[in-house]
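Written below as structure tokens is the structure these notes are about.
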């Protein structure tokens, strides 16, 4: 009985995902393959023991998101799987023979790994305690691993540029002739600066209270002073501190933000036209569907599916025509999201309450008052495969992994149950979605489709897989070079695994599915 209960759909799909990567590893990456296999076995055993434990449940230590499984297996192996897949992809172009076999190099690697693990443990504890009921263990593992790698890369790059320690950059990056671009440095500096800013702001408020700067008892006056401190310190971070780091690690001849302006205006017709197109689509969609969410009984999950389709219409043309500009646009959008979420959480006058009310119109069961994550997961799900494809990329579909899986596949993979029926057919779902989109612009106040999302069905999963394959068949002739021949069996496997993962997982699928799909497309 125990063995049968240990085999779940999510674990089986993740095991197939890891097996596909391990069996694709060349001999030069044998140690990485063994490490990934060992990590997978340990993560699976921990998840089984945690889920089966009745004496000391997981909720005794952490308050995780209600309705979600622990997700330890999926959360622990997703990013390592992405990294090994990327190494396999790069091995087709360059030799990955490790050059540092000296004792000091091995010791540095071990020290770096220990520091990474220690930082990850402390960070995941802090995240789960600071934002209770906002994430599962697996989701927190994914976020923690990504943040530690991202911050570690920043520290290593800073050390390499400041003191000439080339070895430091080898610990977290692959130095095979791939140079950091100005766009990647700008995005990294901006995002890390905004992630560190709340801690800086918190310490500043504590310092001001100690020196009795805010001596007034008036609550309104106190909020005003707090808001002024917030905006002034945020401006100092974004205008002085972050650009200083950018200029340290990259040879910008002007202020980085002036470089961004020059970059946008270098092709003004294409890039400004894209900006105008994005602004029009965002304005019309957000305003229209914000009003619908307040005046209609339409299910919010159906509202959100429209934004998945909107992502396709916005990002696919830009990815084909202006990929470098799209990289920068994703970074700017993520920075805006971070600033608005910081303002919402701290209730910074005068925008805090307005942003909170606005975001509540688009939240679902995965969001809380403490943290709204859905829009972050959608944006990052589309952006990460594109960012990861920077540099060498011999798989033309890999950058589209997020857009295909979320914009097309996820829209179909969520099934509906109409009334008492066992499950809606894909044609019924498409009909309902199209009726909703059309009616929202014709008669938004009379929308009342009464669609209840109950379960995921075989029909919907098959429709999702078929729709993504159809989109791939359309994109490939536009993207593939004459030297590249698509292995359709591998593509079918990648799409099927992604579809099955969406069908079985209880985790935040917008975060995991694009990374899994990207990893499989790289092989």
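Here the Cβ of each residue, glycine as well, is placed from N, Cα and C on the backbone.
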From 302-322, 407-427, 428-448, the residue range that TrEMBL assigns the feature transmembrane segment: 302-322
Which range of 71-91, 155-175 is transmembrane segment, per TrEMBL: 71-91
Contact between the transmembrane segment (370-390) and the transmembrane segment (302-322) (3 or more Cβ pairs under 8 Å, separation 6+): yes
The transmembrane segment (103-121) in contact with the transmembrane segment (133-152), cutoff 8 A, at least 3 CB pairs, sep 6+: yes
Among the ranges 229-249, 269-290, 462-481, the one whose Cβ pairs under 8 Å to the transmembrane segment (302-322) are most numerous: 269-290
